[in-house]
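Quick look at what TrEMBL lists:
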- 24-71: domain 'Mur ligase N-terminal catalytic' (DOMAIN)
- 105-296: domain 'Mur ligase central' (DOMAIN)
- Gly107, Ser108, Ser109, Gly110, Lys111, Thr112, Ser113: ATP binding site (BINDING)
Amino acid sequence: MVPFRLHEIACFINAKCVGSDVMINTISIHSDLIEEQCIFIALIGNRYDGHDFVEQAVMAGAKALLVNRYVSLDIPQLIVCDTRDALLKIAGWIRRQVSSKIIAITGSSGKTSVKEMTASILKECGTVIATQKNYNNFIGVSITLLKLTYGIDFAVVELGSNKLGELKKLGEIVGADVALVNNIFSSHLSGFGSLTTIKKEKEKIFYGMSIDNAQAVINLDSYSFVQGNSILLNFKKKWSFSLYKKGIGVNFFASNVILYEHGIRFTLHSPNGSAPIFMPILGIHNISNILAASALSFAVGASLSNIVHGLQKMNALPGRLFPFILNRGKLCLIDDTYNANIGSMIAAINVLSFMPGYRILVVSDMLELGDLKMARYYHCYIGRLILGSNIDYIITIGDLSHFILKIFKKGKHFQRKTALIFYINKILSQNRLISILIKGARKFKMEQVVDAVRKTHDVVIR
């Protein structure tokens with residue numbers, strides 16, 4: 001982190017100072033993670049109030065507090081109206097003290113995969129920090145920016161949004177040098193209401209960027225976002241990629257695509273030439289993610305060689321189409337339990353359709369799709385996609401996923417996870433080649449189903 005004096009930052013965040021001025025070297029939002037010359041920020045959430053832990057933070061060695069009300073402790077304090085907003089402002093201040101190149105990524109799906117791929121490539125070029133896991137809200141983005149120091153060359157920041165206005169604020173704080181909206185799908189509709197509103201929200205990632213000096217990376221396959229987008233047109237420097245378009249007008253594209261049961265192979269084309277790529281990850285959608293990461297990295301100076309070597313060091317991410325080979329090679333279990341929205345469901349269906357043997361899809365409800373009418377429509381839509389795929393059988397759980405089964409018809413529905421697990425293990429005990437993909441919204445914790453299957457069936461390859 002970039003150090004600052006307490007009274008110096010107080011002016012920037014419009015805080016009232018109580019007590020003496022001190023040098024701050026670190027920031028913590030956890031009272032049990034206090035480091036040297038640390039200020040503890042008392043955040044307030046739905047289930048907690050950081051002010052309840054200020055005494056614990058002081059006892060652990062905190063040198064100052066950032067609070068929204070005075071606390072009766074003999075320690076320097078900054079008092080603000082909103083500690084979360086103050087944290088974000090401090091993160092923005094730190095971002096503007098350094099010369100690090102900032103890469104910002106948002107979209108309806110694939111954000112974390114593109115972020116991890118981009119970070120892996122840029123590690124070939126210099127020192128890199130990146131968003132941990134998928135911590136992409138106000139607090140997560142702030143924590144990422146706080147890690148910036150004068151010695152960091154690149155920061156790869158994932159930005160998420162559940163309601164209108166969030167990305168505008170995050171975009172202005174991050175002030176990216178290059179940014180990407182990876183795609184637009186019907187996700188978080190309960191917060192946005194329509195696909196048009198999602199598009200308007202996602203484009204706010206470009207706020208706070210200089211249209212003269214900053215760069216935009218454009219997914220030409222995301223037609224609904226690109227078509228007629230005046231913000232993108234205003235950027236003087238733009239880089240495009242496409243999974244389906246090739247040649248003139250496309251900077252990054254793929255050819256000679258081969259999808260294997262254990263990975264993907266293709267030729268990557270870039271402004272600096274082409275190169276063969278093989279990665280042990282599943283799904284054609286991941287080729288699009290690779291193209292996105294390649295374009296982002298190229299925009300901040302990565303060579304084609306950097307891109308190839310960085311991608312070679314990437315592996316499948318846990319919970320995101322992560323394969324396990326069980327039962328002495330007769331069972332392929334694909335863990336895709338991180339989350340479930342329209343885009344990732346389409347990707348999962350495509351991946352399972354290419355797998356060998358009897359293909360079983362296990363899914364929970366998709367959430368945040370708006371009212372019941374909209375939720376039912378999108379679950380039926382997924383059912384129709386499965387109907388046109390190579391999937392043989394589906395197993396569903398929840399209050400909405402049975403609409404998928406009403407369309408596809410070949411399968412079974414459950415309300416309880418214990419019954420679902422028992423039934424799955426019974427099917428998987430058959431002496432036949434089976435590929436099973438397990439997917440679900442975070443609320444359903446479908447990784448518990450994956451764990452139960454793995455405990456019952458021996459893992460031989462991962």
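Here the Cβ of each residue, glycine as well, is placed from N, Cα and C on the backbone.
The secondary structure of Ser109 (ATP binding site), as reduced to three states from DSSP, is coil rather than helix or strand. Within 8 Å of the centroid defined by the CB atoms of Gly107, Ser108, Ser109, Gly110, Lys111, Thr112, Ser113, the record's ATP site, lie the Cβ atoms of Ile105, Val114, Asn182, Asn183, Asn289, Gly343, excluding the listed residues themselves. The Cβ of Thr112 (ATP binding site) has 23 other Cβ atoms within 10 Å, all protein chains considered. Packing around Ser108 (ATP binding site) is summarised by its Cβ count: 23 other Cβ atoms lie within 10 angstroms of its Cβ, all protein chains included. By neighbour count, meaning other C-beta atoms within 10 Å, the densest spot among the binding-site residues Ser109, Ser113 is Ser113. The number of other CB atoms found within 10 A of the CB of Lys111 (ATP binding site), across every protein chain shown, is 23. Residue counts for the domain 'Mur ligase N-terminal catalytic' (24-71) by DSSP state, with H, G and I taken as helix and E and B as strand, are 10 helix, 14 strand, 24 coil. The domain 'Mur ligase N-terminal catalytic' (24-71) scores a mean pLDDT of 97 in the predicted structure.
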